[in-house]
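Engineer: One structure, pasted below without further comment.
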Amino acid sequence: AGRVVVPAGARVTLPCVAQGHPPPHYTWYKGSRALGGSSGMWMVGGSLVLGRVGVDDSAQYTCVANNTAGETRYSAHLLVTLPISVQVTPREVQVDAGGRLELRCHVSGEPVDTVTWYKDGTVLRSGGRVTIRPRETLHVSPIHASDAGIYQCAATYAQDYAHAHAYVTLGAAAPQLVYRFIEQTLQPGPAVSLKCIATGTPTPHITWLLDGFSLPPSHRYVKGQYVSAHGEVISHVNISTVHVTDGGTYACTAENSAGSVVHSARLNVYGPP
């Protein structure tokens, strides 16, 4: 059996030439169904001509040539292809941290060999927070801040390739502390720096407390806060010369419209009462 691959809309001739005496009679079958004088197809000698093929014409075609002495067969598998096109919905979506993302890849065309999802150019596979089932539907849950980016769906058949993008942005995300100061124990005298780093959307603000109260006004306390190029809020409290009275529980609170997070640890300063 041969294989004939043609684009939709083409004219196709499936040849069937047999020698014999008396001259053979030709019958063509599509699958198991004998073809009569259907519109759009005709016979030239023993060959079958399909005037303008569509996807529905994809099938196994068999020519049977027979005479009183016997018969012979020729089979061809016809595959009619439609150019692949791809669309992803929604095209743009904003999701909140902790929420759920669903993207659908609408593939048209015949046939389709592979459908692949990418995130920022890297292949995505099912596992962990990512589920791809069926292959056209992508789920990510729960959403992390790192899930924002460009998602792409690509479909292929042989040399035919099509793809489409979706843009995913992060809505609100409660603050997270990505760096926290640790408990320290020291003698009076040296300088100390306490630091907290937070992420979140919108950009969080960090406040400091000592034993539940605002930091005491003192020229020895220097507070600073800035936002890095990566959107992290970096806040620190520097104490130039530690006194016994600086001991206690320090707390940093990062807060935005989506929530807040607190970290606290003790600063123990030994010295005469």
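Using N, Cα and C of the backbone, Cβ positions are placed for all residues, glycine too.
Not my notes, these are from TrEMBL:
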type   : residues : note
DOMAIN : 1-81     : domain 'Ig-like'
DOMAIN : 83-169   : domain 'Ig-like'
DOMAIN : 175-268  : domain 'Ig-like'
Engineer: In the domain 'Ig-like' (83-169), how many residues does DSSP put in helix, strand and coil?
Structural biologist: 3 helix, 56 strand, 28 coil
Engineer: Counting each residue once, how many in the domain 'Ig-like' (175-268) are helix, strand and coil under DSSP?
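Structural biologist: Going through the domain 'Ig-like' (175-268) residue by residue, I get 3 helix, 59 strand, 32 coil.
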